[in-house]
Amino acid sequence: MVESKDPSGFPPQIVKQYGVTKAISVAGPTEADLQRSLELDKFLVDSGLYESKDEAVKREEVLGQIDRIVKDWVKQLTRQRGYNDQMVEEANAVIFTFGSYRLGVHGPGADIDTLCVGPSYVNREDDFFGILHNILAETEEVTELQPVPDAHVPDLDISQGSVLYNIDEQTVRSLNGCRVADQILRLVPNVEVTGFLGGVNWALLVARICQLYPNAVPSMLVPRFFRVYTQWRWPNPVMLCAIEEDEVGFPVWDPRKNPRDRTHHMPIITPAYPCMNSSYNVSTSTLRVMMEQFEFGKKVCEEIELNKSCWGSLFEPYNFFSKYKNYLQVDIIAADTDDLLSWKGWVESRLRQLTLKIERDTFGMLQCHPYPNEYVDTSKQHCAHCAFFMGLQRKQGVAFQEGQQFDIRATVDEFRQSVNMYMYWKPGMEIYVSHVRKKQIPLYVYPEGYKRPSVSERRHKKKQVGEDDTKPNKLEKQASLSPGRQKSPPSDDSGKIETCSSEGNLKRKDYESSLNPDRVEKRGRVSPSSEEPVSPTENASTGKGTASSWRGQLGTYTKVGDKA
């Protein structure tokens, strides 16, 4: 507890302390703050970011149906284990919710994170991922069912620490999702005002701001969120409460004892025992991207507070494909949509490793920005596929030598080999990693056509010091993806990126021709000197082919001009 002084002479007011430090300010909102909160709420409503009553009811119905299914499943298993009729009747399973739904900060279409707790004689491998999976697969209403038995399940506690005795670490992680949600609700004042952010990491960051400004309204919390985290000295951890040591013996986040914890770049610690870093997957590159966006949000909020801008400026879409001059394109292919669903989930969960490997092998000089959106070329219907992209740029503010190259062929091959270790791999499951320039980005990533950067983005870009696009870009590529392939002669550009795809060395423009024949003609105008033989595996004019015909077409590319 802390005391707040009252200038009127009345006895000091006792203010409750939330979190590990005192509040920065206990001031309440002004009339202007309240008005801006109303404007923010109106913007969110008009943008369709609140769930409708019908959708809320539908969620309750779905949860009820899942609850009935798991209860019947447990009774069935109990009977199969040979227990008597009374035990079968009393056998039960319970569904708990956690994540954004439990916190009440989910939006339309958001998923519902659930935890199933059942008797100790029900096992995870055969019963949960086997029998229950089959029951759900046969349920007519269930679509896109994908088991992930090796997932790193979020942390949780079902309120009392005693439930953690005599259980394995995977079960502890499963339980902690619910415990974390409950702890956030307990440790944060006025938690209902933070309903416009979702995801446990973002929820924890927002919760800390709510602790530091316990009487603030949404229009006050948003600017303070960006103000605090632009100044945060990472890797100092964000914590809602002190890390709890417990006699149960599970490891907790402690960089003094655990060497792996010292490598974390942006620790956001969960409040329930055993306390873990919920953002262990953040890399130096992704932290850089987030810090840039925190700074952008801070500047926009300052303009909103000065009535020079509106809330819509803060929510303008991020124009990823205008940000960088170089990209990695990761194409994922499978024989059919069912195989693609499982294969894509596996590859997507491993994309972080590609970012880390590139940072490792270039000593942090080549930075990656993985983009979470997936893209599908709707004109290519004969093969199940999707693509992800990563932005690439040289580390800013560091001097480099003329002629310096980034050869990441071995890095990409190592990543592909690790991905191809997938336990459930089937013929037709393929992955290809390609380096493309900004002008080579396929048109299908722009479903509504190419859009120029927004006004606020351009204004922010002008203010940035050392912006990548304000300097001549020194990254260039070579037509060299097969490990045994001869490198192209160096161009006048002083820096290059080389990627590899060991299974193919046919030209990328063959692949592009199967997606969009007009694109090849446009590519030729960009670099008329880069003529290469066309692959015979697919007719570019018809675009017909099979999954196998893609194998060689995502390999190499011709060299393009120096300008982006």
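Cβ coordinates are placed from backbone N, Cα and C, and glycine is handled just like the others.
Computed from a predicted structure; not experimentally measured.
Annotation comment: TrEMBL describes Phe98, Gly99, Ser100, Asp111, Ile112, Asp113, Gly199, Val200 as ATP binding site. Summarising the annotation, TrEMBL assigns Mg(2+) 2 binding site to Asp111, Asp113. Annotation comment: TrEMBL describes Asp111, Asp113 as Mg(2+) 1 binding site. Positions annotated as compositional bias 'Polar residues' by TrEMBL: 479-491, 537-551. Marked as compositional bias 'Low complexity' by TrEMBL: 526-536. The domain 'Poly(A) polymerase nucleotidyltransferase' annotation in TrEMBL covers 19-154, 155-188. Feature annotation from TrEMBL assigns domain 'Poly(A) polymerase RNA-binding' to 319-379.
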If you run through the domain 'Poly(A) polymerase RNA-binding' (319-379) with DSSP, how many residues end up as helix, strand and coil?
-> 28 helix, 19 strand, 14 coil
Tally of helix, strand and coil residues over the domain 'Poly(A) polymerase nucleotidyltransferase' (19-154) according to DSSP?
-> 69 helix, 10 strand, 57 coil
Would you give the longest CA-CA distance, in whole angstrom, between residues of Phe98, Gly99, Ser100, Asp111, Ile112, Asp113, Gly199, Val200, the set recorded as binding ATP?
-> 13
Set of same-chain residues at least 6 away whose C-beta sits under 8 angstroms from Asp111 (ATP binding site) = Gly99, Tyr101
For the binding-site residues Gly99, Gly199, which one has its C-beta crowded by the most other C-beta atoms within 10 angstroms?
-> Gly99
Near Ile112 (ATP binding site), how many other Cβ atoms are within 10 Å of its Cβ?
-> 16
Taken over the domain 'Poly(A) polymerase nucleotidyltransferase' (19-154), the predicted model's pLDDT averages 86
One finds that other Cβ atoms within 10 Å of the Cβ of Ser100 (ATP binding site) number exactly 22
Drop a 10 Å sphere on every Cβ of the binding-site residues Phe98, Asp113, Val200 and tell me which sphere holds the fewest other Cβ atoms.
-> Asp113
